[in-house]
Amino acid sequence: MAKMEVKTSLLDNMIGVGDMVLLEPLNEETFINNLKKRFDHNEIYTYIGSVVISVNPYRSLPIYSPEKVEDYRNRNFYELSPHIFALSDEAYRSLRDQDKDQCILITGESGAGKTEASKLVMSYVAAVCGKGAEVNQVKEQLLQSNPVLEAFGNAKTVRNDNSSRFFDNFLKIEYDILSREDKMGNTSSSNDLLEKSRVVKQPRGERNFHVFYQLLSGASEELLNKLTLERDFSRYNYLSLDSAKVNGVDDAANFRTVRNGGTLKGFNSGKVERIFQCLRILLLLAHCYQAIPGNKFEFGTSGINDLFEMMWCFEVTGINKKKAERMKHFHAFSAVGSLTSITLQDNAGHAYYARDALAKNLYSRLFSWLVNRINESIKAQTKVRKKVMGVLDIYGFEIFEDNSFEQFIINYCNEKLQQIFIELTLKEEQEEYVREGIEWTHIDYFNNAIICDLIENNTNGILAMLDEECLRPGTVTDETFLEKLNQVCATHQHFESRMSKSSRFLNDTSLPHSCFRIQHYAGKVLYQVEGFVDKNNDLLYRDLSQAMWKAGHTLIKSLFPEGNPAKINLKRPPTAGSQFKASVATLMKNLQTKNPNYIRCIKPNDKKAAHIFSEALVCHQIRYLGLLENVRVRRAGYAFRQAYEPCLERYKMLCKQTWPHWKGPARAGVEVLFNELEIPVEEYSFGRSKIFIRNPRTLFKLEDLRKQRLEDLATLIQKIYRGWKCRTHFLLMRKSQIVIAAWYRRYAQQKRYQQIKSSTLVIQSYIRGWKARKILRELKHRKRCEEAVTTIAAYWHGTQARRELSRLKEEARNKHAIAVIWAYWLGSKARRELKRLKEEARRKHAVAVIWAYWLGLKVRREYRKFFRANAGKKIYEFTLQRIVQKYFLEMKNKMPSLSPIDKNWPPRPYLFLDSTHKELKRIFHLWRCKKYRDQFTDQQKLIYEEKLEASELFKDKKALYPSSVGQPFQGAYLEINKNPKYKKLKDAIEEKIIIAEVVNKINRANGKSTSRIFLLTSNNLLLADQKSGQIKSEVPLVDVTKVSMSSQNDGFFAVHLKEGSEAASKGDFLFSSDHLIEMATKLYRTTLSQTKQKLNIEISDEFLVQFRQDKVCVKFIQGNQKNGSVPTCKRKNNRLLEVAVP
């Protein structure tokens, strides 16, 4: 039996429904629920027939590896689970095998992942196409050019940090189809409608094109000095400061990538330098005009009175001062084509308009020139016929609160794309039905041609009327344009305005006077007419073009060819609307010549966060992308179709005649299978190469039967396998038993022989032992008899010796007694003589003492009369002197220890010495403190100064302070200089590190903590990731205004930042640390040393912190902790964050 080939399928292990055509029932709710179910299981791709729906996951998924590329290579579209690689492979194989030009159309709103989708398509095509030195060079240059195009054409918007700001990015890849190998030929990019108004003005929360911020952030000091630029974004008016820094985006690293991309073929160092000079000109153009007395405007900035002296005096453009002076007068076209001279000094509005027009045109032309140069640099030098694959990354349908001219033309193009999408889809369905011999039935659908005609009609279309209004003589304003629309389009069913509506709708506040509304296929859109006329004109004064052409800067001169005096054309240049209309027509014509493939990108939420699926937002996108309409068109005929071979291979186990092998044609096998299953004939049709199934329920029924049959087959396989396993085990056991029995019998006989041999040896040893013991007993008896005689003789001699010893000892005792008695007698005699002598001496001493006292009395009587007057005073002074002398001598012996904390002191002996006693105690304490201080090193003195500072700040205020007194202040707890793990962090910090400690940073949203490295230097406060050592935040000490903490025994503290500073964009910081007292003390001292101002230390159980735009109250409460004595932090609501302290 041949081994069965097992293949995976779109229907295997399906989460939800992989193809929306099979969704049952089909409505908006089930559509969204199916997308959400697949999104929750990381299935971001879903099919609508051959259309791929891509939901942006906002995170990296492991589904784009080289192994995945090989899995989808040369596989049927429905053979594996939905993936963007499947569509890329289908388009590539159609190009290669069927000789058809292909186009992959990627649509969706900003932030839906269109740019990433186009990158994935290009990476897949680059991976599966052929090899070769020239082809590899084209691939490499194609990948290198992408960062350059993103830098110049992408910008940060409210919805997307990397949004393409040119309308359609059409990447054309040419292939050599005559070669036997898949070889990539030329590749080229095209772009239409760069959002050049972003150069001079950006909406709130957005920023200018990436390249300006990358240049100022990543350029070397040498390059910046050469361009006379500064890194401070605030120096340039064209750069928005609201979002100058984007989280997760390293502009400096991206600039290095762009510089590497600048090494493409054809981009030498000179051209790269000239590009940077053009960017410098654009940055400085914002400072062209400044007001002077008399309501006049002149060139100048920062004291330099001439624009071109300011910007090009350093040999940048080559325009001399005389030409610059002439540019103060511009010649502009009037409505009828005549020339009008405008003096900038008399008209501020025209001055600013001229400046911004020059900036927008210079950047737009620079971008177009850059795209053309990249296309030329990556051309492969082949001269064979090629086929083309185009990747079109285009704006999706846009509905904002304020919709202007840009949204109008974007939505117009999406209307055209929807029209061609429906037409090509129906055409593809009809061609397949005809090819397979299936009867075609008419399908009803909404045709949006009426909306396209409302916009593009050459006679009374909105764009035609806008061009007519721009060319009309007289006063032309946005209001006159709206009046004309009301006159011409008032009766159109898809156009609404105040004037076109009946009187009963005049009070409708949703439709202002300066607006009009169009009913697009995706819904109603309200457009503000303000700026329509100016944006459609988009004129550049001729004198500006001529001045640019006459510049010595070769790149700028090449960007303004119309400034050549020899090629002066008095014809008015086409308007922006007409240019865009022509571009859309060219695009539609291009798409109609190619086989289309569609990728619909959907943004799941506005927060750019993973795992969040906003049903309302997704529903809005499903409506304006027309996905339900697409499914209905696909399901209008047959919902599912499949070739006969894979269909028979998948379901052949459901019929006994086709299982396990069918030897006839595949179609005949499928017919037998469906007849056996008794499926109604109206539910399917047989084509020439495919089976067509009308209702998804029929397919799901087949899948359920197949699943049940696979379970039965699995049970059968398990039964056969278990029987084979048991038989094999039994035979092995039987064979093993025979071998074990033979070995056991041999072992038993050997063991019995060994036992008999061992017993024999034991008996022999016992007999020999008995004989040996008998002889030993005889020898011992003989020996004992001989020893007994010797012992008796020894005892006798011992008795005689002891008797003699007793006699000698008695004699010695008698002699000693006589000597003792004689000694006692002599001692008694001596003591009596001594007593007699002492008595005689005492008598003699008594006589001498009595005689001395008598002489003294006699003298005192003689001299009493001379000393009686002064004796009392002298005796008092003498007595007092002796008392003081005795006091000091006693104090010398009773002095306490030299420890400054020893409070012992001798008691006061006399009351009159009380003040002296206290003064001595004070002097002694000061002296021993000085002696103690003299022993300190400079580092110890600094530690004690910090301890003293901590005492003044926290004593009797913070309950945690007493426990910190005995702990030394170490500062560098992590030893960053010694730990190789933090080498990268150490290299990034040039200043002296005062504190290096791991703290818990409290999350502003939910109160959870994250470990961070807290670094305090002499000028900055830094936070770094504990694992990687990467610096997350850097706060200058001048931006720190206050530190707040509670009075309880916890380690939480808040660092308040100065409002409006760059560091305060996310709000204040809330930390938890085991060394709170030390960190707060060092931060206080360092800030005082750096700013010469005392840092405010607030100690309170309730204080306010700033989290982004909200004021949040941090409140400390007493509570029982589940995790012991560790305080816990919890975010209660938007205004309260509670910290439970044990």
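Just so it is clear, glycine is given a Cβ too, placed from its N, Cα and C backbone atoms.
If you look up TrEMBL, you'll see 15-707 marked as domain 'Myosin motor'. TrEMBL lists Gly108, Glu109, Ser110, Gly111, Ala112, Gly113, Lys114, Thr115 with the feature ATP binding site. According to TrEMBL, the feature region 'Actin-binding' maps to 584-606. Annotation comment: TrEMBL describes 958-1142 as domain 'TH1'.
TrEMBL feature annotations superimposed on the structure.
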residue: Gly108; record: ATP binding site; Cβ neighbours (10 Å): 25
residue: Glu109; record: ATP binding site; Cβ neighbours (10 Å): 22
residue: Ser110; record: ATP binding site; Cβ neighbours (10 Å): 18
residue: Gly111; record: ATP binding site; Cβ neighbours (10 Å): 23
residue: Ala112; record: ATP binding site; Cβ neighbours (10 Å): 24
residue: Gly113; record: ATP binding site; Cβ neighbours (10 Å): 23
residue: Lys114; record: ATP binding site; Cβ neighbours (10 Å): 27
residue: Thr115; record: ATP binding site; Cβ neighbours (10 Å): 22
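Across the region 'Actin-binding' (584-606), mean pLDDT in this model comes to 84.
Broken down with DSSP, the region 'Actin-binding' (584-606) shows 9 helix, 8 strand, 6 coil. Within 8 A of the CB centroid of the ATP site residues Gly108, Glu109, Ser110, Gly111, Ala112, Gly113, Lys114, Thr115, the other residues of that chain are Asn56, Asn160, Ser163, Gly396, Cys601, Lys603.
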